[in-house]
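Feature annotations, courtesy of Swiss-Prot:
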COMPBIAS  410-423  compositional bias 'Pro residues'
COMPBIAS  432-459  compositional bias 'Polar residues'
DOMAIN    4-119  domain 'PH'
DOMAIN    151-259  domain 'IRS-type PTB'
MOD_RES   1  N-acetylmethionine
MOD_RES   48  phosphoserine
MOD_RES   269  phosphoserine
MOD_RES   295  phosphotyrosine
MOD_RES   336  phosphotyrosine
MOD_RES   340  phosphotyrosine
MOD_RES   361  phosphotyrosine
MOD_RES   376  phosphotyrosine
MOD_RES   397  phosphotyrosine
MOD_RES   408  phosphotyrosine
MOD_RES   415  phosphoserine
MOD_RES   450  phosphotyrosine
REGION    269-328  region 'Disordered'
REGION    353-373  region 'Disordered'
REGION    398-482  region 'Disordered'
């Protein structure tokens with residue numbers, strides 16, 4: 001059996017059905033050896049670890065903690081300790097966290113012994129005892145301004161699946177450290193057991209944070225290194241993380257107020273020192289002595305550097321040249337400088353001679369008489385459309401243009417349609433029983449006359465005779481006599 005490094009009573013906190021309670025146990029710490037790994041075992045009472053076989057006492061539910069899986073061992077503060085004067089510390093592994101407690105001296109010894117056994121390369125030393133010699137030649141004092149990067153509480157958490165955690169690639173278990181100015185997420189190195197920072201969130205960039213019985217979550221702002229989003233971590237110490245973060249934020253606010261007050265006091269003292277002093281009047285500077293600065297004036301008010309004056313085209317109207325400006329210096333006259341003078345002289349000559357030709361620019365714009373109206377200046381609406389009586393329009397420009405003949409493709413004129421011959425009328429017989437008198441002067445209106453054409457043998461003329469229809473019919477001249 002391996003020899004124990006340390007053993008003694010320890011209070012172990014267990015949670016069942018939502019209720020937390022402390023249970024007194026007997027803990028035994030074994031180091032790593034050829035016969036076993038470094039571990040921490042718990043028993044019901046003292047002496048149970050020395051018994052073997054079936055006669056030994058029953059172990060607790062938390063049978064053994066392998067120190068190879070230990071992540072951190074840190075002292076913590078609890079609201080309800082198991083007994084007065086007890087100090088608690090937390091042992092975090094890759095699977096869960098264990099909250100232990102003992103009296104003040106034993107708790108410190110347990111923390112240092114566990115750290116030395118679990119982390120042999122950390123250089124942990126036991127607390128000084130009274131038997132150890134005291135070196136008075138060199139005294140070391142702690143710097144109150146020194147703030148190590150690892151200062152704060154560490155909590156074992158498990159990342160939950162959210163949009164932000166998937167974007168950052170968070171999966172599995174991590175260490176969440178609550179520092180003075182930020183939250184830091186740590187992970188174990190691939191080759192070494194050293195904690196390496198993975199992500200951090202400053203308190204000033206956190207939008208909100210909260211806790212639950214089984215988790216702790218916060219919402220990061222868009223200026224955080226991880227980007228915006230909600231991060232949720234599963235842990236049984238959500239309330240402890242929440243209180244630690246709240247205390248760090250309140251402390252940071254207090255430091256900010258103290259800094260602002262110091263700045264105000266410095267400003268007031270500086271104003272009080274300069275209040276009794278007379279400020280000398282500013283010395284006027286010669287604008288011509290020193291060149292102006294590059295950005296002394298805005299862009300729209302920059303002055304043009306002095307240079308030889310040149311008159312541009314249409315720079316000044318006729319007669320507005322200042323007197324004495326060009327005396328003694330023969331300056332080149334601009335182009336079209338006497339155009340307006342010639343135009344005015346022509347207008348005067350035109351008015352005096354009263355010429356019939358319209359000169360150029362004879363009258364100002366807007367005063368010239370209106371030109372005579374053309375043929376199509378006053379369009380008229382078509383009226384009396386009923387007078388056309390649906391007659392065809394004259395064909396003309398609506399016909400297609402023929403480029404070969406350079407003329408419109410006018411169809412040939414149409415010949416007039418022949419008039420139809422009159423249809424012959426049938427013979428109308430008088431009604432039976434009607435008698436006509438011999439003394440009648442003419443024929444009745446309903447009597448049809450038929451001419452009988454006969455050809456004479458001698459003269460070759462046609463003789464027309466009337467056949468007697470009745471007794472009263474008179475003779476009719478032949479068509480040849482007409």
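Note that Cβ sites are derived from N, Cα and C of the backbone, with glycine treated the same way.
Recorded features from Swiss-Prot, shown on the structure.
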{"residue": "340", "record": "phosphotyrosine", "Cβ neighbours (10 Å)": "13"}
{"residue": "376", "record": "phosphotyrosine", "Cβ neighbours (10 Å)": "6"}
{"residue": "408", "record": "phosphotyrosine", "Cβ neighbours (10 Å)": "13"}
{"residue": "415", "record": "phosphoserine", "Cβ neighbours (10 Å)": "6"}
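Residue 408 (phosphotyrosine) sits 21 Å from residue 415 (phosphoserine), taking the C-alpha atoms as the reference points.
Cα of residue 376 (phosphotyrosine) to Cα of residue 415 (phosphoserine): a distance of 36 Å. Under the three-state DSSP scheme, residue 340 (phosphotyrosine) falls in the helix class. On the backbone, the CA of residue 415 (phosphoserine) and the CA of residue 340 (phosphotyrosine) stand 70 Å apart.
DSSP assigns residue 408 (phosphotyrosine) to a strand in the three-state reduction. Per-class residue totals from DSSP over the domain 'PH' (4-119), listed helix then strand then coil: 21 helix, 55 strand, 40 coil. According to DSSP, the domain 'IRS-type PTB' (151-259) comprises 31 helix, 47 strand, 31 coil.
The average pLDDT for the domain 'PH' (4-119) in the predicted structure is 81.
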